[in-house]
Amino acid sequence: MRVLGIESSCDETGVAVYDTDLAGSAALRAHAVYSQIALHAEYGGVVPELASRDHVRKLLPLVRQTLAEAGLGVGDIDGVAYTAGPGLVGALLVGAGVARSLAWALEVPAVGVHHMEGHLLAPLMEDDPPQAPFVALLVSGGHTQLVAVDAIGQYRLLGETLDDAAGEAFDKTAKMMGLPYPGGPQLARLAEQGTPGVYRFARPMIDRPGLDFSFSGLKTQVLMAWRDSDQSEQTRADIARGFEDAVVETLSIKCERALEAAGTNVIVVAGGVGANKRLRARLQQMAERLGGRACFPRPALCTDNGAMIAFAGALRLQAGQHSPPKVDVTPRWDMATLPAV
């Protein structure tokens, strides 16, 4: 089954073709992402109306490009998957409208996919994928969650952020220190030049019971350190390193506790922050110490993309799950309400 996947929940337009007749990573026939970073840079954040308009301009050309790279014609598609939520309502409607129109014209089934389920399942596209049960750390600009995965479509929320998501904290901290948009990746690169231990910030909520997170206090602590410093380039790098170390250690500690609570030793990491090199190394070490595995998607599939939507949609389409023939999106959507596959 060849499934066309469309992602348009925020500021990236993603399209992919996933072929269930192929094995492992080869099943991803083609994928392409158009980023709107340059469009939103002057505003310091995503402008929803501009995001929607840019999806309108870019989506169909990206569909044509992806099909060409896969060596397929539009008539070779057996199903269409699209992000139905959560996300920006206007951006979601663009992707849903194109997807439903293609499915109707081709007379093939379509299914709306939960954006975070797409992220959660992205590591399963790689060779030697993990098998449920496992714990997933979903860590991005909009979400920081620990989820127990009992089976595909059977999810239990173990903990989540009470304020800023980890990726949001990266972005806001970078902005406070004058780094260009988008700040998170810039801050991570800057941290490579920092000296560990020069600045040591709190590891939020690790001394409390439960698996929830909080990063707003850490962000304030970094702001105060930056304001009181000489604000030199080396100091900026040292503060960035101290901040990154605090976030990575906090996430690692909570992940280990989540594994114990769920009774497994397999951790799956997905979302934009999942591309962070230091986080990957730390969780890999933790999993090996526990005799388990840490599984990640390739870095290109950590950020928003159509591949994860095509894959998650293929699983549901193969299970006979289709969405009603109407353009409908869910900007706020609890993943625990999803049906099992």
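Backbone N, Cα and C atoms are what each Cβ position is placed from, and that goes for glycine too.
Since the structure is predicted, the reported quantities are computational estimates derived from the model, not experimental observations.
What Swiss-Prot lists as Fe cation binding site is His115, His119, Asp304. The substrate binding site annotation in Swiss-Prot covers Leu138, Val139, Ser140, Gly141, Gly142, Asp171, Gly184, Asn276.
Excluding His115, His119, Asp304 themselves, the residues of that chain whose CB lies within 8 A of the CB mean position for the Fe cation site are, in sequence, Glu7, Ser9, Thr83, Met116, Gly118, Ser140, Gly271, Asn305, Met308, Ile309. The binding-site residues listed here (Gly141, Gly142, Gly184, Asn276) include no residue with a Cα within 10 A of the Cα of His119 (Fe cation binding site). Taking the C-alpha positions, the distance from Asn276 (substrate binding site) to Asp304 (Fe cation binding site) comes to 15 Å. Fewest Cβ neighbours within 10 Å among the binding-site residues Ser140, Asn276: this applies to Ser140.
Rounded to a whole number, the C-alpha distance linking Gly141 (substrate binding site) with Asp304 (Fe cation binding site) is 11 angstrom. Just so you know, the Cβ of Leu138 (substrate binding site) picks up 24 other Cβ atoms within 10 Å once every protein chain is counted. When other Cβ atoms within 10 Å of the Cβ of Asp304 (Fe cation binding site) are tallied across all protein chains shown, the result is 26.
Take the binding-site residues His115, His119: by the count of other Cβ atoms within 10 Å of each Cβ, the lowest one is His115.
Secondary structure at Gly141 (substrate binding site), taken from DSSP and collapsed to helix, strand or coil, is coil. Residue density at Gly142 (substrate binding site): 17 other Cβ atoms are found within 10 A of its Cβ, drawing on all protein chains shown. Asp171 (substrate binding site) sits 16 Å from Asp304 (Fe cation binding site), taking the Cα positions as reference.
Gly141 (substrate binding site) is surrounded by 23 other CB atoms, counting those within 10 A of its CB over all protein chains shown. Under the DSSP three-state reduction, Asn276 (substrate binding site) is assigned to coil, being neither helix nor strand. The separation of His115 (Fe cation binding site) from Gly142 (substrate binding site), Cα to Cα, is 11 Å.
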